[in-house]
Structure formats: C-alpha cells, structure tokens
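Peer 1: Grabbed the feature section from Swiss-Prot, which reads as follows:
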- 1-44: region 'Disordered' (REGION)
- 9-22: compositional bias 'Low complexity' (COMPBIAS)
- 26-35: compositional bias 'Basic and acidic residues' (COMPBIAS)
- 34-91: domain 'bHLH' (DOMAIN)
- 110-143: domain 'Orange' (DOMAIN)
- 262-281: region 'Disordered' (REGION)
- 278-281: motif 'WRPW motif' (MOTIF)
C-alpha cells in the first residue's frame, strides 16, 4: 500500500555529527602558549621604549653639556650612556664640594695642614746648602703669600691652647716673584669659589684640591708667616707667654735654622721655640 510503504525520514547520526561539533567552543590555550605567541609583541614594545628613552636622554645630555645636537646626531647608545654617567658623576662631585664648602671646619683643617707643610719646607730650605738663595727666597715668599690669602678668609678660630707666632721676611730681600699655584687640568672640574677667592676643586678620583689664587703683592715690609705654638710650653726664667711672637728670618748662603729665628718675647731662643711648634697631626 502506498500509505504503508511511506516511511518517516530519520536524521542520520553521521550527518548530525558536524553540526554538533561546530557548536562546541575552542579549547583555551595554555599559559606557555600564550607567552610564546605574545613574546614578539612584548619585545617590540620593549625596544620601542628603550629607543624612546635613549632619544630623550640624548637630548637632555647634549643640552646639559651645551653641545650642538646637529654635530652629534649619530651618537651610539653606548656613547649616550657613557656621557650620562660622566655628567652624573660631575654633578655628584659638585654637590659634595658645596657641602664641604659650607662646612666651616674644612678651611681650618686645610689651613693647619698647609701651615705644617710650609714649616717643613722652611726647615728643609734652612738646612739645605745646595739650594740657590734666589730660588729659596722666591719659594718662601710664594708660600707666605699663599698662606696670607688663606689667613684673610673666614675660618674657625684655633683653640685657646694655641697662639699665633709670626715670622716676618725682611724688606732687604728682593721682592718675591709671583709663582701661581697650579692644579692638574684633569682635576679642575666645576671649581667652587670660597670666600676671598679661595677655590675648592673636585678631582676626578673623588678627592678635592684647594686652589689658591695668585696673590697681589703689596708694598708692606714683608709677608707674614703665621705659625702656631703650644701655650703650655713655658720658657725657663720667664712666665707663660700669651701674646704673639715676632721674629726675623735672614737669607744667606747658609740660612740659620728657622727654629732659632723665632724667639718669644722675654724668653729664650733655639730648641725651646722648636719644641713649641704646634703640629695638627
């Protein structure tokens, strides 16, 4: 029969399989696969940030060093970084110099050390017979003039246990020839001017050098070299001296010892004065 022979169409399981698989979501990627796929993008962004920062750093460092950017348009990355490191080191030295200059004890310590070194040079020149008299006079005059510049500046007063002595160069000696104090050009980086023209120069190794200006010689009888003596030392047969002491140093083929040229008022000369010289260290 036609009605019996007709059958209802049934869905084939094979035909329905693609439809069910198309509706299922994709499997999520693992963390390692995600990092691997995003690594080129992150690397590109990182390089872009580095190049942008180096470009800005190049502009800043050239402006800070006051260099023409057109002449340094092809600076390598290593050159930019080296210039930046050097500039930052110089800035750090300048800041340290400013901090030391603000400290009033710095000049006092330097003055005491300079005074002691000057005394040692004077003793050597007084006992050495092979030094020319003119050279000896010029050197001592130069040192005394440099010390006079330091004395004219503001500094901490020495303790009460120390009293100033003076050794005056006689006016009969020839006028000393100016011998400017020199500092290594490599160390002359951003000098800091102190009071009275005194300069504190930072060195490349992190230390500091004191630059003394060339003094202007006046028509005074002679430059005065202040020394220090311990007031606790008393001369035999006389009371303790509390006033400054003056002496004269003469120059000849054989100069007398500097200790013998300094004599306290109303006291003895010679070894007692040599023992009374104050040493800061």
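Even glycines carry a Cβ here, placed using N, Cα and C.
Tell me what's around each of these sites.
Peer 2: Averaged across the domain 'bHLH' (34-91), the predicted model reaches a pLDDT of 90.
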Peer 1: By DSSP, what is the split of the domain 'Orange' (110-143) into helix, strand and coil residues?
Peer 2: 29 helix, 0 strand, 5 coil
